Amino acid sequence: MSVNQNRSGKHALMWFRQDLRLTDNQAFTAACDWVRQHHAAKLKAIYIATPSQWHQHDIAPIQLDFIQRHVNLLAQGLVSLGVEFELIQLDSFRDIPAFLTSYCEEHSIGRVFAGQEPEINEQKRDQACVEAGIPLSLSDEHCLLPPGTVLNLSGDMYRVFTPFSRKWREVAAKQAILPLGVPAPLGSILSEPKPLFFKNIGSTYLAASKDIASSKKGFNQTAPNPLISSEQWAAGEGQAKRLLNQFIQQKVQDYKQDRDFPAIDGTSVISPYLAIGVLSPRQCVAALLQRFPEVIVDDTSPGRTWLNELIWREFYRHLLVAFPDLSKGNNFNRQADHVLWRNNQSEFLAWCEGKTGYPIVDAAMRQLNQTGWMHNRLRMVVASFLTKHLLIDWRWGERYFRQHLIDGDLAANNGGWQWSAGCGCDAQPYFRIFNPMSQSEKFDPDGRFIRKYLPELASWGVTRLHQPNQQKMPSLFEAPLFASQADYPNAIVEHNAARARALTVLGVLKKA
Ligand SMILES: Cc1cc2nc3c(=O)[nH]c(=O)nc-3n(C[C@H](O)[C@H](O)[C@H](O)COP(=O)(O)OP(=O)(O)OC[C@H]3O[C@@H](n4cnc5c(N)ncnc54)[C@H](O)[C@@H]3O)c2cc1C
């Protein structure tokens with residue numbers, strides 16, 4: 001925990017960010033402890049809404065709506081602990097140091113507690129606060145093992161997942177993984193808070209749509225759906241814990257077999273809660289350890305495959321801190337700067353809208369557009385299709401995902417996209433190109449998932465569902481076929497030709 005202690009003041013402030021929970025919140029627990037140790041001290045809590053910054057970060061409206069609902073629940077939880085909560089509305093991170101300086105003076109705040117965040121703008125914001133003299137005390141809890149604690153023998157961050165995961169388990173095995181409880185109340189229950197709303201979110205996103213309409217850059221071609229409600233996702237720490245426990249009790253033992261089949265409810269679906277810190281990684285690992293106490297040290301433990309996914313999450317976060325350039329959208333493998341992406345805008349729109357003529361790709365994109373979430377197998381399939389079959393810059397896909405995902409997370413999203421495009425750290429090699437037809441046959445054999453999201457194909461037999469209507473591509477670099485039918489389009493690219501084209505164009509990555 002780092003702290004700037006230059007300011008005196010008798011009270012404390014808890015600044016909630018991507019840690020919207022009361023259980024196992026190190027920063028919040030530390031804040032409560034501090035208050036108990038300081039005579040007559042009080043704890044205040046805030047959340048700072050920054051609509052322009054969120055717009056700049058392409059945060060999906062559905063995720064903002066989800067955050068807003070959690071902020072309201074948090075406010076209720078805090079008043080029951082005797083902690084006063086305030087929603088602060090500023091424009092961007094830039095405004096925070098000045099705001100906190102006057103807030104601390106006005107409320108006699110001697111210490112500000114918050115959880116560390118791995119992204120570059122968030123880190124710069126915190127640095128600016130420290131430089132402004134704000135007594136910021138940061139605890140590292142967005143990962144179970146903080147960035148910088150899982151290093152190779154030379155003291156550097158790993159660039160490959162497998163040795164990272166081995167070392168991660170070695171370090172984790174030496175730790176007691178015990179989540180903290182909700183701190184005891186600091187005072188009597190305060191009055192019920194009024195509903196809190198983020199202001200200027202709608203107008204920010206409407207303004208964004210206007211920019212997009214007038215922009216000539218394909219990168220800006222898509223707008224997030226304006227304020228889709230996240231109501232289909234139940235909110236609250238209780239719900240997150242229920243999902244986690246249900247998964248650990250009923251599904252984790254079959255996760256290895258089930259996790260790749262989107263029609264099976266075989267994964268935990270806790271990513272929306274983890275992304276905004278309603279659940280902590282420590283709670284997840286602790287729950288897994290309760291069921292499988294040997295999971296960290298025993299390679300054959302039935303919980304091991306799921307643990308690995310949590311380690312992937314940590315890997316990408318550690319990478320983001322070790323290589324801050326990743327936050328700026330740079331290729332991890334700079335050889336990829338030479339890739340001549342085709343960036344065809346109408347093909348990109350067809351991909352966004354789920355109209356590529358490949359049912360598995362289209363059903364996946366419609367799942368994203370309708371629910372804000374997409375199954376991991378399908379994230380890999382659609383990312384491979386965009387970057388390899390269509391040769392569209394992975395950053396376009398990354399941005400579209402960010403604008404639509406309820407679990408949008410810079411580290412995992414960037415890592416997943418760079419991995420899929422073949423230009424990331426520990427990437428899938430560029431010559432490994434997912435065949436959407438065999439992916440469809442293998443992972444949705446009876447077409448149940450496809451039919452759910454493409455009801456217009458309900459009457460199609462499985463063979464037709466997996467084998468899109470492809471026509472010959474005229475030449476490698478010509479415009480797409482895109483012959484549309486009344487109810488469902490023909491395939492916009494022919495698989496074999498697109499594959500050959502990708503191998504030629506992405507061949508520059510071979511030199512890496
Ligand atoms: C192109 C692409 C983009 C992605 N973008 C995101 C994103 O923005 N946010 C996000 O949370 N995940 C992202 N992922 C990772 C993964 O798809 C989701 O975490 C997973 O589908 C969430 O479902 P779940 O909670 O049921 O996961 P489970 O399979 O139950 O796994 C448990 C948790 O482990 C973590 N996890 C699982 N797989 C991965 C992975 N490959 N990389 C990093 N963490 C992982 C997640 O936090 C997940 O909730 C992306 C993957 C790809 C290929």
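Yeah, the Cβs are placed from backbone N, Cα and C, and that goes for glycine too.
Residues annotated as domain 'Photolyase/cryptochrome alpha/beta' in TrEMBL: 10-144.
According to DSSP, Tyr255 (FAD binding site) sits within a helical segment. If you look up TrEMBL, you'll see Tyr255, 267-271, Trp306, 309-316, 407-409 marked as FAD binding site.
When other Cβ atoms within 10 Å of the Cβ of Trp341 (site 'Electron transfer via tryptophanyl radical') are tallied across all protein chains shown, the result is 18. As annotated by TrEMBL, site 'Electron transfer via tryptophanyl radical' applies to Trp341 (among others).
Taking a C-beta cut-off of under 8 angstroms and a sequence separation of 6 or more, Trp394 (site 'Electron transfer via tryptophanyl radical') has the following same-chain neighbours: Ala383, Leu386, Thr387, Trp417, Gln418, Ser420, Ala421, Cys423. In the three-state DSSP scheme, Trp394 (site 'Electron transfer via tryptophanyl radical') falls into the helix class. Per TrEMBL, the feature site 'Electron transfer via tryptophanyl radical' maps to Trp394 (among others).
Within 10 Å of the C-beta of Trp417 (site 'Electron transfer via tryptophanyl radical') we count 25 further C-beta atoms, all protein chains included. Under the heading site 'Electron transfer via tryptophanyl radical', TrEMBL lists Trp417 (among others).
Residues Val269, Asp407, Trp417, taken from the recorded positions Tyr255, Val269, Ile311, Trp341, Asp407, Trp417, are distinguished by a CB atom under 6 angstroms from ligand 1.
Comparing the binding-site residues Tyr255, Trp306 on other C-beta atoms within 10 angstroms of each C-beta gives the minimum for Tyr255. Mean pLDDT for the domain 'Photolyase/cryptochrome alpha/beta' (10-144) in this predicted model: 96. If you take the C-beta of Val269 (FAD binding site) and look for same-chain residues 6 or more apart in sequence within under 8 angstroms, you find Leu243, Phe247, Trp373.
Counting only the Cα atoms, the space from Ile311 (FAD binding site) to Trp341 (site 'Electron transfer via tryptophanyl radical') is about 32 angstrom.
Sequence-distant contacts of Glu314 (FAD binding site), defined as residues of its own chain at least six apart whose C-beta falls under 8 angstroms from its C-beta, comprise Cys143, Leu144, Leu145, Val150, Trp168, Pro281.
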